[in-house]
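Trainee: Next up is a structure, given as structure tokens.
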Amino acid sequence: MNAVAPQPAAQPAAQPAAQSAAQRSQAPVPGRRSTKQRAAVVELLSTVDDFRSAQELHDELRKRGDGIGLTTVYRTLQSLSEAGEIDVLRTDSGEAIYRRCSAHHHHHLVCRLCGRTVEVEGPAVERWAEKIAAEHGFSEISHTVEITGTCAEH
């Protein structure tokens, strides 16, 4: 896998802890239709641990017998990303890759050789971002941090 660069994503709304990510994605949202195709994409994302491209997800859906068009997969991923339900990274080539992550704010460690990712919390990063923003008169800030390196297996 190519190295990745951060892709700004919408900050997820606070969700009850008892509600799973799959349940949040299945819940009706104003302006968003709940379809069989959407449910299939959400279900697939809940079964994969690593970041995947839309094409890889589409291929897996077809292998499972889901007749979903690639355009529908892209639109669904875009909708889920905008709702803060999935994270998006960009590879060195600019390709978007997607993964269902935890609902709370977090960052990623990403292996540039194999693509392995680890979710990490960064309270020091949060404090730094707030301090820098305040020093420059910014408010209502958001940020994404992806740290790339080589994992212990390489």
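Positions of Cβ are set from backbone N, Cα and C atoms, glycine also.
Quick paste of what TrEMBL says about this protein:
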COMPBIAS  1-30  compositional bias 'Low complexity'
REGION    1-36  region 'Disordered'
BINDING   HIS105, GLU126, HIS143  Fe cation binding site
BINDING   CYS111, CYS114, CYS151  Zn(2+) binding site
Trainee: Taking Cα atoms as reference points, rank the binding-site residues CYS111, CYS114, CYS151 by distance from HIS143 (Fe cation binding site) and give the first.
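Mentor: Nearest candidate: CYS111.
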Trainee: On the three-state reduction of DSSP, what should I expect for CYS111 (Zn(2+) binding site)?
Mentor: strand
Trainee: For the Fe cation site given as HIS105, GLU126, HIS143, which other residues of the same chain have their Cβ within 8 Å of the site's Cβ centre?
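Mentor: Residues close to the Fe cation site, other than HIS105, GLU126, HIS143: HIS107, GLY122, VAL125, ALA129, SER142, VAL145.
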Trainee: Same chain only, sequence gap of 6 or more: which residues have a CB within under 8 Å of the CB of CYS111 (Zn(2+) binding site)?
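Mentor: The list for CYS111 (Zn(2+) binding site) reads THR117, THR148, GLY149, THR150, CYS151, GLU153, HIS154, given in order along the sequence.
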Trainee: Determine which residues of this chain, when CYS111, CYS114, CYS151 are set aside, have a Cβ within 8 Å of the centroid of the Zn(2+) site's Cβ atoms, and list them as they appear in the sequence.
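Mentor: So the extra residues in range turn out to be VAL110, ARG112, LEU113, GLY115, ARG116, THR150, GLU153, HIS154.
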Trainee: To the nearest whole angstrom, state the Cα distance for the pair CYS114 (Zn(2+) binding site) and HIS105 (Fe cation binding site).
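Mentor: CYS114 (Zn(2+) binding site) to HIS105 (Fe cation binding site), Cα-Cα distance: 24 Å.
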Trainee: Hey, what's the Cβ neighbour count for GLU126 (Fe cation binding site) at 10 Å?
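Mentor: Neighbour count, Cβ to Cβ under the 10 Å cut-off: 15.
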